[in-house]
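Undergrad: The following block contains the structure, expressed as structure tokens.
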Amino acid sequence: MGFVAESNQGAIGNGGKSGLRSLVRRKRVDSVHSKSLETGHHQLAKELSIAHLIAIGVGSTIGAGVYILVGTVAREHSGPALAFSFLIAGIAAALSAFCYAELASRCPSAGSAYHYSYICVGEGLAWIIGWALILEYTIGGSAVARGISPNLALLFGGPDSLPFFLARYSIPSLGIVVDPCAAFLVFIVTGLLCVGIKESTFVQSVVTTANICAMIFIILAGGYLGFKSGWIGYRLPVGYFPFGVDGMLAGASTVFFSYIGFDSVASTAEEVKNPQRDLPLGIGAALSICCMLYMLVSAVIVGLVPYYAMDPDTPISSAFASHGVQWAVYIITIGAVTALCSTLMGSLLPQPRILMAMSRDGLLPSFFSEVNKRTQVPVKSTILTGVIAAALAFAMDVEQLAGMVSVGTLLAFTMVAVSVLILSNNIRTEEIDVEISKSQTGEKNISKKGEASAEYPLIAKISAQAKCKESKRRNIAGWAIILTCIGALILTYSASNLGIPRSFRLTLCGVGGLLLLLGLGVLSCIDQDEARHNFGHSGGFICPFVPLLPILSILINVYLLLNLGADTWMRVSVWLVIGVFVYVIYGRSHSSLQHAVYVPAAHVDEIYKSSAESLNS
């Protein structure tokens with residue numbers, strides 16, 4: 001890493017930084033030094049293996065959406081080509097997964113995209129990402145919990161078959177429909193998460209296995225029915241692409257949101273036994289399994305029933321029922337219930353760790369960073385998260401807010417891709433060459449490194465020239481990344497906004513495309529830190545095809561962000577404005593980097609040694 005930053009307690013102070021400068025201050029990658037300075041109650045248990053990570057990833061990703069989404073997308077967009085839509089969406093999700101895999105293995109700490117953004121971009125954007133993720137997991141968990149009770153009721157005979165203390169009922173005076181079952185399930189999951197990460201992940205593994213078994217039943221039984229009936233859904237005069245390639249791509253944009261969830265794996269990075277090996281494998285395996293299951297299920301269902309005859313609400317159940325297999329409805333319903341329960345666990349698991357990471361950095365009160373000594377999980381944060389999610393699930397119909405979940409995820413995906421571009425070009429802020437030494441009086445002396453080299457003018461001159469050249473390279477790379485992001489924004493906005501006059505729209509597309517290609521060309525030509533030798537933990541996964549792959553990821557995520565709708569963005573904007581006020585009032589002044597300076601990485605060991613000697617004397 002080109003520089004490191006430490007707080008007053010960890011290294012040296014140079015006075016408070018305020019105003020806009022606080023927005024771009026960045027923290028250092030967690031190292032053995034910082035780990036040794038942390039007290040025991042801040043450490044999470046390292047209990048997770050590859051199998052646990054796959055269970056978390058698959059369980060968080062495969063929700064009940066696949067049991068419903070296939071009908072709507074096939075009828076309105078893809079037709080029989082639904083499996084190709086899932087494949088394209090899976091490839092697009094893999095672009096973000098590659099970026100996550102590198103950052104998670106090199107920065108294995110709680111916080112996921114928030115943590116990476118703080119290291120690579122700065123405190124201001126990191127706060128926005130963390131604040132958006134809090135909203136995503138809260139609304140997402142509540143929405144999933146509200147969806148469980150209707151499916152659970154079907155297993156008992158009908159919509160009103162649940163026991164009276166779990167059944168939904170309306171309060172006319174308040175105009176709300178309360179859902180005790182949803183709140184009860186949230187409390188159960190919260191209790192499991194408080195017991196320990198290994199125990200809760202084991203339960204999620206069991207639930208996820210049941211969901212996968214239900215999907216395998218759909219594939220095998222549906223395949224048998226398809227061969228028996230001659231795959232009537234594929235023998236249509238309109239062909240395999242009734243809506244054209246554009247319809248298939250539109251379907252891919254819709255089903256892309258079926259893949260969001262693998263980022264939950266990255267949030268548990270600090271609890272993984274061997275993060276450099278297990279995190280990339282866990283993320284990759286989880287995404288591959290989800291893509292394969294999605295494609296097989298969709299290929300079977302669109303073959304059983306013509307796409308235009310599919311039920312948009314219960315496509316899988318109705319497809320089996322049309323072939324006289326009524327009893328399969330119960331297995332499919334069990335699959336939907338287990339999928340929702342697993343997704344609920346995947347939604348509630350990351351949020352306490354995001355809160356803990358933000359609290360460790362001083363941006364939130366220390367209450368959120370307290371880790372239970374026995375269970376080694378952030379119990380207080382988990383309980384608070386569960387109480388809020390249960391209250392929302394009980395008293396609020398959050399379906400209209402469900403679009404807000406996607407904003408946090410796509411913002412995180414975009415920022416992770418930008419972080420990979422920054423790391424590959426080793427872009428850093430201006431370095432301050434500072435050394436700490438201990439004088440005979442016991443006081444720490446700070447001296448400029450340049451003064452020591454005054455006796456060797458030739459060495460000093462060569463060093464200054466090298467620094468100047470490297471500074472220019474980093475500035476060029478930084479501006480190229482900025483131009484790339486601006487170009488992606490202009491291109492996706494003009495391409496998706498059909499209300500703009502055609503000539504002006506084509507002009508904007510040209511300008512955006514030109515900026516995007518210019519940024520890509522510059523980043524491809526300048527020297528890249530391909531092995532990331534100076535960043536994070538060695539031996540981690542390296543994202544391939546940089547800068548092309550991260551730029552494609554940025555382009556896709558920005559396009560999806562701009563197409564979420566004005567209503568969604570208005571609601572999210574209110575939440576983000578609240579977050580800005582919280583940061584200004586509390587986070588900015590309590591940040592652990594409030595009194596931080598940047599020093600050359602070459603002197604980190606010396607500085608820590610000197611600081612330790614000063615503390616011990």
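Cβ atoms are placed via backbone N, Cα and C, with glycine included.
Features from TrEMBL:
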type	residues	note
TRANSMEM	50-70	transmembrane segment
TRANSMEM	82-101	transmembrane segment
TRANSMEM	169-194	transmembrane segment
TRANSMEM	206-227	transmembrane segment
TRANSMEM	239-262	transmembrane segment
TRANSMEM	283-307	transmembrane segment
TRANSMEM	327-349	transmembrane segment
TRANSMEM	377-395	transmembrane segment
TRANSMEM	401-423	transmembrane segment
TRANSMEM	476-498	transmembrane segment
TRANSMEM	504-526	transmembrane segment
TRANSMEM	538-562	transmembrane segment
DOMAIN	541-591	domain 'Cationic amino acid transporter C-terminal'
Undergrad: Please work out whether the transmembrane segment (206-227) lies in contact with the transmembrane segment (327-349), by counting C-beta pairs under 8 angstroms that are 6 or more apart in sequence and asking whether there are at least 3.
TA: yes
Undergrad: Is the transmembrane segment (504-526) close to the transmembrane segment (327-349), in the sense of at least 3 CB pairs under 8 angstroms with a sequence gap of 6 or more?
TA: no
Undergrad: Count the Cβ pairs between the transmembrane segment (476-498) and the transmembrane segment (169-194) that lie under 8 angstroms and are 6 or more residues apart in sequence, then report whether there are at least 3.
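TA: Not in contact, no.
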Undergrad: Mind pulling out the one from 50-70, 169-194, 283-307, 401-423, 504-526 with the most Cβ pairs under 8 angstroms to the transmembrane segment (377-395)?
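TA: Per the Cβ under 8 Å count, 169-194.
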Undergrad: Using a Cβ-Cβ cut-off of under 8 Å, list the residues of the same chain that are 6+ residues beyond the ends of the transmembrane segment (401-423) and lie near it.
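TA: Contacts with the transmembrane segment (401-423): 95-96, 99-100, 102-103, 112-114, 116-117, 119-121, 125, 128-129, 132-137, 139-140, 143, 257, 260, 263, 481, 484-485, 523, 529, 532, 535, 543, 546-547, 550-551, 553-554, 557-558, 560-561, 564-565, 567-569, 571-572, 575.
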Undergrad: Considering every residue in the domain 'Cationic amino acid transporter C-terminal' (541-591), what is the mean pLDDT value?
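TA: Mean pLDDT for the domain 'Cationic amino acid transporter C-terminal' (541-591): 91.
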